[in-house]
Each structure stands twice: as C-alpha cells, then as structure tokens.
Amino acid sequence: MQTLAENLTSQAISPTLEKLILTLANTSKEISHAVRHGALAGVLGATEQENVQGETQKKLDIITNDMLKDALKADGTVRGIASEEEDYVVEADANGEFLVCFDPLDGSSNIDINSLVGTIFSVLPAPAGELTEKSFLQAGHNQVAAGYVLYGPSTMLALTTGQGVQLFTLNPETNQFLLTNAAMAVSKDTGEFAINMSNQRFWEAPMQTYISDLLLGKIGPREKSFNMRWIAAMVGDVHRVLCRGGIFTYPTDNKNPEKPYKLRLMYEANPMAFLVEQAGGKASTGYETIMDIEPTAIHQRVAVILGSANEVDACLEYHGIDYSEEPAL
C-alpha cells in the first residue's frame, strides 16, 4: 500500500504543500493518541472556558488546538492560522505560503461518551502583505487542500488537493497513513439522510416540507423509503456520505434568531464542501453553492446541505432552485 508521503509525491503538488499536509497528518496521529487515552490521561470533561462562539470548551478542545497551532507555527510553510478555538487569527511564519483554518476536535461533545470525533482542516493561499482577518476571507474555491481526520475504530484521513478524494488509514503498528481508497466517490442517489430532528419546528418551510416528504417514504411524493442517520459530529456524518452516499444537512432555523446557522464556513462547511464536490457530490446552503460564498468573518456560520448530487438537487427544488441543469456555455 502507498504511504501518504508516496501518494502526495505522485500528485505532483508543491513541496511546501506536501510538507504542510504531512505536518497536519503527523499532528493528527498525536491527537489520535490523546483521544484514545481519554480518561486514562485525565483529558475528558469540560473546562470553565468558552470559545468565541460561546460554547463551553472541552479539555481536549484546548489540548488539540494547541497541538495543531504549535505544529503549524513551527512548520515554516504557514503564514497564519484560524481556529474554532481562537478568537482571532494567529500569526505563524512571515514567509509562509499558506493559511490554515481548522476545527481541532469536531464533535467534542461526543468525547465523554466515547463516540466519534475528528479534525477538519482547510488550506488557502496566503496573500501578500500584512496578515489580518481579511487575509482569510477567501471563497472556498480558493482552497488548495482540505481534509478531515476521523478518530473512530480506525483513524482515517480523507484528503483532497483538487485531484479527487483519497482515504488513508493509520496503521497502528507502523504509525503510517496508508492509502486504502484512491478515489472516493459519492453515489448520485441515496436512501439516507442526516439531520437533527429535534430542531424540526424551527426550520424554514422548504426544509420542513422536504423532510416530511422523506419521512412519508413510499406512500409520499418521493415514493421511496428513507432511513435517518445522525452521529452529532459533522466529520462522522460526512464520512458516511463519502463512503456510501447520503445527504447531510444542518439547515437554517429560527431557534435563536440571532444565530440562524450552526456550522462555520471557513473550517467546517468549506473544507467539507470541497471534499464532497471532489467526490462527485454537491454542497449548498439551500440558496447558493457553499464554495461560492464570499466570507465576511472567520467565524461566519452558514446553512449546509451536502451529499449525493441527485438528492441535494431534490432538496434544492423545495427551496425553489433547480441546480440539476448545467449552465449554458
């Protein structure tokens, strides 16, 4: 089996991007070790701190954030860092070519119950000049790499550099990521959907109607039975979509009118959209393609609908948009 390093060389990407991806991968091995040790290392439970989103930070949120931040600052290829756990952007190397946005431990509320968690990352080109928040405000189409590491029964890395999506599995005996799927592909159709049903009464009318029709199954307008899945960690739900198709959505809701969206654009929606589109799926807010969004803040939130192309199209029809037709040239 090809190692991650061998695979990156075969992709003919720049040596600096290759170095950065290997740094992210190597740090994820350390995070995997910390996650596995859990209560044995005294790293479970919450702190008394909150992040910029007002969410209570788990001990491992802070530990994993510091691990990634320290590794990227020392890498030499990174100009700046944006993290879910940092209020502001963090400067790294003044000569760095890249900006890295990451969620160090997605699904951290699952940690204390020994369920799935992961790391999500996005790599952008660093513009010339002084590093500010504005440096990061680039549309998702500018990403040069994106991926996630899933800490489950196996530790897996899903990666794209714009040349499809490759899946690597960490060999615990050699501590190397080995290529186990050279071309992940999202099926066009699906019979599975993932959504937090407890928020149903707060959704917009198009999403309410769409989900209601799925639940009606064969006796409804879709004339097909669907199963619901929900892991409560985006990284786990998107991994399932990449492996066997499906649609994952965290839609607009009015539960808190000041925060109508849950997921963050820069380090959750954009990297996952890049992966899903590279695997043949689609990713939208319901009203626009996620990677077309021009960001206004590093912690900006958006609605997310992504997964199997035909099912995303079906959902978008409920929102009054038909993306199934290719634009005329």
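The backbone N, Cα and C atoms fix where each Cβ goes, and this holds for glycine too.
Copied over from Swiss-Prot:
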type	residues	note
BINDING	Glu84, Asp103, Leu105	Mg(2+) 1 binding site
BINDING	Asp103, Asp106, Glu268	Mg(2+) 2 binding site
BINDING	Asp106, Gly107, Ser108, Ser109, Asn196, Lys262	substrate binding site
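This view paints the features noted in Swiss-Prot onto the structure.
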{"residue": "Asp103", "record": "Mg(2+) 1 binding site", "Cβ contacts under 8 Å, 6 or more apart": "Ser83, Glu84, Thr119, Ile120, Phe121, Arg264, Tyr267, Glu268"}
{"residue": "Asp106", "record": "Mg(2+) 2 binding site", "Cβ contacts under 8 Å, 6 or more apart": "Val117, Gly118, Thr119, Ile120, Tyr148, Ala233, Met234, Val235, Glu268"}
{"residue": "Gly107", "record": "substrate binding site", "Cβ contacts under 8 Å, 6 or more apart": "Ser115, Leu116, Val117, Gly118, Ile231, Ala232, Ala233, Met234, Val235, Gly236"}
{"residue": "Asn196", "record": "substrate binding site", "Cβ contacts under 8 Å, 6 or more apart": "Trp230, Ala232, Tyr250"}
{"residue": "Lys262", "record": "substrate binding site", "Cβ contacts under 8 Å, 6 or more apart": "Tyr250, Arg301"}
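DSSP classifies Gly107 (substrate binding site) as coil under the three-state reduction. In the three-state DSSP scheme, Glu268 (Mg(2+) 2 binding site) is classed as helix. Take the mean position of the Cβ atoms of Glu84, Asp103, Leu105, the recorded Mg(2+) 1 site; other residues of that chain with a Cβ within 8 Å of it are Asp61, Thr64, Asn65, Ser83, Glu85, Phe102, Pro104, Asp106, Ser108, Thr119, Ile120, Tyr267. One way to see the shell of the Mg(2+) 2 site is to take the Cβ centroid of Asp103, Asp106, Glu268; the remaining same-chain residues with a Cβ within 8 Å of it are Glu84, Phe102, Gly107, Gly118, Thr119, Ile120, Tyr148, Met234, Val235, Leu263, Arg264, Tyr267.
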